[in-house]
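Asks: This is the structure I want to talk about, given as structure tokens.
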Amino acid sequence: MPITNPPKELSEAAEASNPQLPITSEQSLSEHFTVGIYSSQNQSLDCQPDQEMEEIAFSVIPPRQKEYHNIGFLEHFIRSIASFRNSKWFIIILVICFSFSSSQIFMGFNYLLQCPASPETPIHILILGLLGITVIGLRISAMVLRLTSDEQDAHQLTTAAVISSTALISFLFGEMISFFYMFPDFDSSDKYCNEVFYTYTNCTNFIIIGISFLASLLHFPRCRFGVNEFYAEL
């Protein structure tokens, strides 16, 4: 389709909108006329204030809110155990666990040489009792410091309690491996082990597993990504 020359009025309007472009021929006049129309359209689009554009963008894209990635069906359970963890009943549980750890120290020391079938088992029981008292003592101290609004020292004690708990679980696995591979003889022989100590150790292993599971539930943190949030939930 042949390109027709624009009318004189439109040529003058294009020249007025773009005075920097010289018009030397019919082809340049057509190009100049097209550029002038395009420039006038851009100017009409750019005339909106920046504030109005920001309001439009804000209405389309809402501000991002902070998400904690909580597991929905566990939310009520987590709140319940958090309330129990700060109650007087939890202190009673800690006192019972403290007494249990004290009995481990007594049994491990008292029967230290009365289990030749597995001589390391009494030592493991003794160390487990010492670690248990350490963890419980640190936990009680952290609770007292939080009640007195000393959050920094409480955070340090909580960190030490977590490290001690890790060591306790490690010794528990080692003790259980050596204990369950033992086939004792309750009469005097090379495989002798005191029957009272053997029965106590057998029951102790299952009790510690139950206490560890209960402690994991009571200190189950909200599912947030970050170490600081984990310590804050303890």
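Cβ coordinates are placed from backbone N, Cα and C, and glycine is handled just like the others.
Predicted automatically and left uncurated, TrEMBL annotations should be read as such.
Below are the features I grabbed from TrEMBL:
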{"type": "REGION", "residues": "1-21", "note": "region 'Disordered'"}
{"type": "TRANSMEM", "residues": "89-113", "note": "transmembrane segment"}
{"type": "TRANSMEM", "residues": "125-145", "note": "transmembrane segment"}
{"type": "TRANSMEM", "residues": "157-184", "note": "transmembrane segment"}
{"type": "TRANSMEM", "residues": "196-218", "note": "transmembrane segment"}
Asks: Please report, as numbers and ranges, the same-chain residues at least 6 past the borders of the transmembrane segment (157-184) whose CB is under 8 Å from any CB of it.
Replies: 115, 117-118, 120-121, 124-125, 127-128, 131-132, 134-135, 138-139, 141-142, 145, 191-193, 198, 201-202, 205, 208-209, 212, 215, 231, 234
Asks: With Cβ-Cβ distances below 8 Å as the criterion, list the same-chain residues six or more beyond the ends of the transmembrane segment (125-145) that contact it, or say none.
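Replies: Same-chain residues near the transmembrane segment (125-145) but 6 or more away: 91, 94, 97-98, 100-109, 112, 151, 153-154, 157-158, 160-161, 164-165, 167-168, 171-172, 175, 201, 204, 208, 234.
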